[in-house]
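Novice: If you scroll down you'll find the structure; I have some questions about it.
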Amino acid sequence: MKNQTTITSVLLMSLSDNQNTNYVLFTIFLLIYLMTFLCNFLIILLVVTCAHLHTPMFFFLGNLAFLDMSYSSVTVPRTLCELTTQDWSISLPDCITQIFFVIYFGACEVFLLSSMSYDRYVAICRPLHYSQVMSWGKCTLMVSFVWSTAFFLTIIFTLCLKRLTFCGPNFIHNFFCDLPHLFQISCTDTFINILVLIIVGGVFGIIAFVATFYSYVKIFSTVLSIRTSEGKRKAFSTCTSHLTVVFIFYASITFIYFDPNTSNLLTLNEVVTVIYALITPLLNPLIYSLRSKDLQSALQKAL
């Protein structure tokens, strides 16, 4: 075996080598981040302060807004600093810490979107039993399950990284640390890590996806049985936005985690990563939460 030097820092991918382009990217990223933070913070504030928004649906929306605000805060502020200083290096412990929170908030969103689809299923398919089925105790239990299960999975994936040594090259084809890209710079066999990721993450991910998919199959079958066009329109409007968020999220995460070695599609990978890390947390409040008439009414009263 040849001599190997263990690395202590990682070099992230620079978005551009041109300083003027970096200033433009800095401005765009900063504006998107501020809009994401303010929109999601506004949703949380309205859900907490407005009594008529104290319902299960807005309880889940408040959690989703907090997740989006937290996820963008894990990746974007550091990227903004790197765009101005042109220092794209990050220490290995900081990189693993960033991976921990990226996985944690991402896993939380997977389970939370599944819980929200069940909430829409009960509201549309079993409206007379909604208040009984979606009680505050059950909603609190569901959200507690989301946060605790995601934490348990993230701990497993992060602890598995302790068995790896990293000897370079220390360059990551991404502007923030993520699990598939860290595997590429490991000089230890990552078979066990990938196996754990596929088995544990795959099982929980498939369960969450099937639950979400099944809920929408039941929703659409119920909506199609509604006789009046006005009733169909109202039912579709309550779940179309949610389904859009689910599609964007799952499409992005599938492309990133199931095809991390697409060197011939590196530019496309960068675009999808930007959408997943930067655009999706902004789209969630815009196309899902702020379209709600109840939220619009609460915002008008607050203003």
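Numbers run from 1 along the shown chain.
A Cβ is built for glycine as well, from the same backbone N, Cα and C atoms used for every other residue.
Bear in mind that TrEMBL entries carry predicted annotations, made automatically and left uncurated.
Relevant sequence annotations retrieved from TrEMBL are reproduced here:
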| type | residues | note |
| --- | --- | --- |
| DOMAIN | 39-288 | domain 'G-protein coupled receptors family 1 profile' |
| TRANSMEM | 23-51 | transmembrane segment |
| TRANSMEM | 96-118 | transmembrane segment |
| TRANSMEM | 139-159 | transmembrane segment |
| TRANSMEM | 191-214 | transmembrane segment |
| TRANSMEM | 235-258 | transmembrane segment |
| TRANSMEM | 270-290 | transmembrane segment |
Novice: Sequence gap of 6 or more, Cβ distance under 8 Å, 3 or more pairs: do the transmembrane segment (191-214) and the transmembrane segment (23-51) meet that?
Specialist: no
Novice: Along the domain 'G-protein coupled receptors family 1 profile' (39-288), what average pLDDT does this model show?
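Specialist: Result for the domain 'G-protein coupled receptors family 1 profile' (39-288): average pLDDT 85.
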